[in-house]
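The feature compositional bias 'Basic and acidic residues' is assigned by TrEMBL to 1-10. The annotation domain 'TMC' is assigned in TrEMBL to 467-576. Residues annotated as region 'Disordered' in TrEMBL: 1-26. Taken from TrEMBL, the feature transmembrane segment covers 161-183, 243-262, 337-359, 379-399, 419-440, 476-496, 532-557, 580-604, 637-663.
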Amino acid sequence: MEESWAREPEAWGPSGRWPAPREARAGPTLSSVLNALPSAAALRHRGPRELPWGALEGEGEDGERSVQAFAEAAQELQDPVPSRELPWPMQARRAHRQRHARDQMALGSGSRMASWALLLRRSKEKMREGWHTLEPWGWTLKRIGGQFGAGTESYFLLLRFLLFLNVLASVLKVCMTLLPTWLDGGPEDPPGPDHNSSCGSYNPHPQGLVSFSTQLFHLLSGEGFLEWSPLFYGFYPPRRTLAITYLCSTFAIGLLSLLLILRRSVSGLKQTLLAESGVLTSYSHRVFSAWDFGLRGEVHVQLRRRRLRYELQVELEEAQVRLRAAGRTLGQQARVWALRLLLNLLVLALLGAAFYGIFWATGYSSELKKLDLVKGTPLLALGVNYITSVFISGVNLVLPPLFKLITSLEGYTRSRQIVLILLRTVFLRLASLLVAMVSLRNKVMCGGNTEDKNCKACGYNYKEYPCWETRMGQEMYKLLLFDLLIGLAVMLLIQFPRKLLCGLRPGLLGRLGTQEFQVPDEVLGLIYAQTVVWMGSFFCPLLPLLNSAKFLLLFYLKKLTLFSNCSPASRTFRASTANFFFPMVLLLGLAVSAIPVLFSIFLIRPSQLCGPFREQEFIWNQIPESIGRLPQGTQDFLFFLGSQAFAVPLLLVSSILMAYTLALANSYGCLISELKRQIEKETQNKVFLAQRAVALSSDPGAL
């Protein structure tokens, strides 16, 4: 063979390329085969400006690209740990190679700025790695995701995020309300029974000896010794600095929650768009690209295998539903839409009945408290106090299973069913809170009738609600506490006995006792509790602190329930749905909670017998008065920020930036579409070459 190559030097091309055999040169040439590729045909159709197949773009003018490629290859050869030997995905290898090349350039330049930049980048990487190491419950969440799927893991991720949010809110409340109260002379004594004013009298402490059972009932209802405590609004004295910090803490918590939820939802939106576009949900990606070669240990490998199995299971389930939907005839499609219309009307009827019941229960509880029998029986008084909480919790327990049954009859995919169940149930939970607050607000403001004898003197019903802000805080306190008690009761009285039944009776009765972790219901419970906190943090400043303790306890209880009582879900859903939709529902809860708080700040007169705003006509009036005490230059600047001279240019700049962002997004979309078309053409090229190879190999005369 070597002699034949030596005797025929003309077989080598003029550029020294690898020679082709003589027989192959007699048949179709390589250029003719390449020109017959589908991608070459597409380039010819586009016109002469497009480069032919295999040509180097910018050859001659942009020759630095090849030089840069050789330089990167040289840097790769100098790398003490070659990227190709690392058990990492391609993206991580590429990032490692680029980072090493930048480090070599920084060290080779000898510049002090480059050295400082390298040191700063390495410090950031170390801090990021340390933060991920200190991230709470990291191994537990990984274990949950591997054993029960990414959907169940998303619930615990949301729980950890909300716990972090409540801890931040607790720190803000303590630093901006509780500490100024104690540092600026301490709290005031509660008003006595003989304290009278034009707005009546207010006596938060009961007189005489109080029994232990009554103290326990006061602990559960927020009355008695808790009513005049740092837990509620009425405890804080009317001081100018405290009033400003008290109001600013509420706005700071809302703004901080909004920014953190937006940050979380944007990161989840990227995953959702990729998942819905089919880029990350294809089976080839799951099989060939989703494995993490950096895993070590049999436990991690098994968890990763289970997670991939759950993801493939979700894709197969949704593919089956889409195939059935695509095979429907026009008549079948019309019957499906008619059924969906009737089921949605049934859902609206159930929601309307629930809201009317909550409105009635809130108003009726106020009437029952006036009865002498209720006043003389502490246990009965406690039951009357919890009528609204019991009714809201009962509605939230009964209707979601009905919504789940209704949604299963509508013929949607699993992910779409999850979204519909979440939307209907979250509307029920959030609207029930809003209805309860509206009903209580009607009682406070005498149904909007300012000429009523109970509201004419002070602007609110001072006879029944001498400190109405504390009363609203007590309602939120009872809702939060009752939600925790219901969760504990369900866990101890339903879930654990079902697990024991499943273990003792392995037959049909045991299968009925098997239970799964219902992610939508559990997530909505978290969002409901967080909405209660946002809605009540103005009236009950330490409510975020109580909710932090509740979420911390809930994490370990749910973890114990998951591993002890629950089996892996037979039907799972995409984690991308949770990554984006759960924060969006949180944003909806934040918006709903802002309605009663802003209404109370701007439109209802504060109580004249308690709280830091007792001397104001409206709570918001404290802000203009405080601004009026500032220097004239600061006042002018703040008023300029609220004037049209600042708002109009800001609107114009925002519009220009939005238009630029939309144009940039459209250009990126076009680029992505072009790259997708190129990938499709490359696939057609490979198919074409494979067919040509088979044809040539089957024809001996062509070889």
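The backbone N, Cα and C atoms fix where each Cβ goes, glycine too.
The structure displayed is predicted, hence computed values, not measured ones.
Distant neighbours of the transmembrane segment (337-359): 388, 391-392, 395, 399, 402-403, 406, 409-411, 424, 427-428, 431-432, 435-436, 438-439; these residues of the same chain sit at least 6 beyond its ends, with a Cβ under 8 Å from one of its Cβ atoms. If you take every residue in the domain 'TMC' (467-576) and average the pLDDT, you get 81. With pairs at least 6 apart in sequence, the transmembrane segment (379-399) and the transmembrane segment (476-496) have 3 or more Cβ pairs within the 8 Å limit; the two touch. Between the transmembrane segment (161-183) and the stretches 243-262, 419-440, 532-557, 580-604, 637-663, it is 532-557 that has the most C-beta pairs under 8 angstroms.
Highlighted: of the candidate stretches 379-399, 419-440, 532-557, 580-604, 637-663, 580-604 has the greatest count of Cβ pairs under 8 Å to the transmembrane segment (243-262). The highest tally of CB pairs under 8 A with the transmembrane segment (419-440), across 532-557, 580-604, 637-663, is held by 580-604. No contact links the transmembrane segment (532-557) to the transmembrane segment (379-399), because fewer than 3 Cβ pairs that are 6 or more residues apart lie under 8 A. Assigned with DSSP, the residues of the domain 'TMC' (467-576) fall into helix, strand and coil as follows: 86 helix, 4 strand, 20 coil.
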